[in-house]
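Colleague: Sharing a structure here in structure tokens format.
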Amino acid sequence: MVTGMIIKKIKELTKEEEEKIINRNKANFEEILPTVMEILKDVKEKGDEALKYYTKKFDGVEIEDFKVTDEEIEEAYNSVDYKVVEAIERAKENIYFFHKKQMEQIKDLNVENNGIILGQVVRAIEKVGCYVPGGRAFYPSTVLMTTIPAKVAGCEEIYITSPPTKDGKGNPATLIAGDIVGVSAIYKVGGVQAIGALAYGTETIPKVDIIVGPGNIYVTTAKKMVYGEVAIDFLAGPSEVLIIADETANAEFVALDFIAQAEHDPNASCVITTTSEKKAEEIKNKIFEEIEKAERKEIILKALENSAILIGDLEECIEFSNKYAPEHLEILTKNPEEVLNKIKHAGSVFLGEYSPVPVGDYASGTNHVLPTSQFARMSSGLNVETFLKKITYQKLDKESLKNIADIVITLAEAEGLFGHAEAVRRRLK
């Protein structure tokens, strides 16, 4: 049963073993690129006709009108348990709270330096496309996570695309979440064709300025290929967690959090680093106890191939975590805040035994759209700044222009741009 799962001391890992763990799930875009490019080309050239063709081909349903109607939304409310609606409402409040606090930290700037007025103004991106996955499951939580930061940022138009259900409708909980946030429109289209529609525009779906949201490798590849036509958030892959656990950690909680991540996807990656060999053995045993009871057992067993339990002192665990740059990082130690101070790379961090990853997935208020596959080394998770631009400005009078004219003229002429130099020189005559 333990086949494929590495259990070893960190300092005894071979180079190949360490690379296998750290370089997890590197997407092979090249294999599927021809398929993705063909679909994108068709959507660009044929618009809604291509959307209908690929929706029938991949989703098995014929759809004439992709835009969700008010009647469909009303029907969704009638088909969903009120507890789900209430949970969406409460999650929305927490997510709004945190992202509004983020927004409060982002301010315009106006300063003076040697008589020059310098500044920046913050402006929202106008049109946003939010991709919400479907297929194995539907994710109303992703509706909240992608649309609320855009709302808080002040984006004028926010559109959702999400795959249709087998009866050609939108998933009820997804529709309700979009309605509760108050998006501009929801479209029943998924996959590469949805990304193409948002990037290029069709008769039904407007072209946007930025596309955000997670998806499978086809969706991710499509986002990669339309970047430049539109902005994107980042390229996200299968879900992942790294847990730092010392001897005080509750082995059952560690095992449950491992299972919670592994059940997402057979390609999910789960790594536990612990300071105690005894704790490592205890955690391993608890994991396999929980697997026997799990509903998504086959998926979890497959995910074990991307998993490891590693043993080292606390500094080695922290160093390994920073190399790994996890999407989710749980710190289950005596003093988790002290460990956090040494963390350089992570999408989102969960401190202490009562802060499991699922709270961030749904309701704590932070965002669950996070960088994977080491992208946390250079990317932040989705946040209000994803949907903002900072426009700089400057204002000089004749005196302040005179103070820097020699710098501008000298550098412009050194670069052979004599028109640049003359634009300054003439103003000072």
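Along the chain as shown, residues are numbered 1 onward.
Using the three backbone atoms N, Cα and C, a Cβ is placed for every residue, glycine included.
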Colleague: His328, His345: which one does Swiss-Prot list with Ser239, Gln261, His264, Asp361, Glu415, His420 for the substrate site?
Modeller: His328
Colleague: Using DSSP with the three-state reduction, classify His328 (substrate binding site) as helix, strand or coil.
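Modeller: Once the DSSP labels are grouped into three classes, His328 (substrate binding site) ends up as strand.
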Colleague: Enumerate the residues of the same chain, Tyr131, Gln193, Asn216 excluded, that satisfy the criterion Cβ within 8 A of the mean position of the Cβ atoms of the recorded NAD(+) site; list them in sequence order.
Modeller: Pro133, Thr161, Pro163, Gly190, Gly191, Val192, Ala194, Ile195, Gly215, Tyr218, Val219, Ala222
Colleague: About how far apart, in whole Å, are the alpha carbons (Cα) of Ser239 (substrate binding site) and Glu327 (active site, proton acceptor)?
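Modeller: That comes out at 7 Å between the alpha carbons.
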Colleague: Once the DSSP letters are reduced so that anything not helix or strand counts as coil, what is Tyr131 (NAD(+) binding site)?
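Modeller: Its secondary structure by DSSP: strand.
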Colleague: Same chain only, sequence gap of 6 or more: which residues have a CB within under 8 Å of the CB of Gln261 (substrate binding site)?
Modeller: Ser239, Glu240, Val241, Ala268, Cys270, Ala303, His328, Val357
